[in-house]
Amino acid sequence: MAPKKAGDGVKAHPIIGRFGTSLKIGIVGLPNVGKSTFFNVLTKSQAAAENFPFCTIDPNESRVPVPDDRFDFLCQYHKPPSKIPAFLNVVDIAGLVKGAHTGQGLGNSFLSHINACDGIFHLMRAFEDDDITHVEGSVDPVRDIEIIHEELRLKDEELITQSIDKLEKVAVRGGDKKLKPEYDVMCKIKTWVIDEKKAVRFYHDWNDKEIDVLNKHLFFTSKPMIYLVNLSEKDYIRKKNKWLIKIKEWVDKHDPGALVIPFSGALELKLQDMSAEEKQKYLEENMTQSALPKIIKAGYAALQLEYFFTAGPDEVRAWTIRKGTKAPQAAGKIHTDFEKGFIMAEVMKYEDFKEGGSEAAVKAAGKYRQQGRNYIVEDGDIIFFKFNTPQQPKKK
């Protein structure tokens, strides 16, 4: 029997969320916390900094290149005419107000936009500015977090109640045994979200069948959330703000494991208008750096996305896949024929390629692997796929 290849036969744990790679992350927050400023600097700075294909889907949605030193190295090494990075789809969502779940403010429109997203950049304001009024009358980001969490939970409460009522009629009173397991799972979700008043994602032990039900309904509180704290330029540079510890304490208690990333919309806006040389000088003088690359990478990872590379003299490209994707399905991202006629994936680890300096050196070191159809592709793999070309039907 042939030895098992690395990565073969490993069962991937199911992921809560929409299946696919064209996933979106929405910027959510109360009015006047800096959402549009953040969206604009995020999209414009990345578009201006790199000569990559850039696409504004509409005024409130953009594709942002994911910064990656590995991609940059491969481009410098191969110097191809075509360079295509991975992208993060970002949506600027109108400000939420208290009572949105009942239709207050933009209410239902706001919630439908969140529903179309797969993750959330939860942006809150931690700076004072007399010229920018706060919808709640004062700056208190912890209160703002709780308002948004409660609005999303209350909308889920409404959706869960409706679903249970429908299932009860069919599965319990109607005796439909096929739907009884879904009804039981919905009752467990109800206990957690309605009785315990907690978000779906705060519970980390949903089993496979429960995740199947969650993915059928895609509740608001199941979406991964990254907490972005908008500071004044001064506070961001000195890394001090009275709210940061309180925000971190709240997140650690209620959403353990979630990222809290401070940034300064004011600083990012200032940097956007500088030349590359001016920007570098300003950052060095103030001993700081832009938070945007970290935020983009975090958003991409939160959507359970990763990418592998194809690299050569004609093109270096990052191909987006879901975590846990097997080699044939990864090949299918390039072309359906690659998946249908899949033979094997020849894989190099980026680190091995960089250290060795060439494909030949990786092979000489015995680190060039041939992987079968059960191989789970890892982030940053450099892959060459071998496949059979499907035969064309003979003309009569």
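From the backbone N, Cα and C atoms, a Cβ is placed for every residue, glycine too.
Listed in Swiss-Prot for this protein:
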DOMAIN    23-283  domain 'OBG-type G'
BINDING   ASN32, VAL33, GLY34, LYS35, SER36, THR37, LEU231  ATP binding site
BINDING   SER36, THR56  Mg(2+) binding site
MOTIF     267-274  motif 'Nuclear export signal'
DOMAIN    304-387  domain 'TGS'
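Mapped onto this structure are the features recorded in Swiss-Prot.
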| residue | record | CB count, 10 Å |
| --- | --- | --- |
| ASN32 | ATP binding site | 15 |
| VAL33 | ATP binding site | 28 |
| GLY34 | ATP binding site | 26 |
| LYS35 | ATP binding site | 25 |
| SER36 | ATP binding site | 15 |
| THR37 | ATP binding site | 16 |
| LEU231 | ATP binding site | 25 |
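In the three-state DSSP assignment, the secondary structure recorded for ASN32 (ATP binding site) is coil.
Averaged over the domain 'TGS' (304-387), the predicted model has a pLDDT of 96. DSSP places the residues of the domain 'TGS' (304-387) in helix, strand and coil in these numbers: 26 helix, 33 strand, 25 coil. Look at THR37 (ATP binding site): DSSP puts it in a helix.
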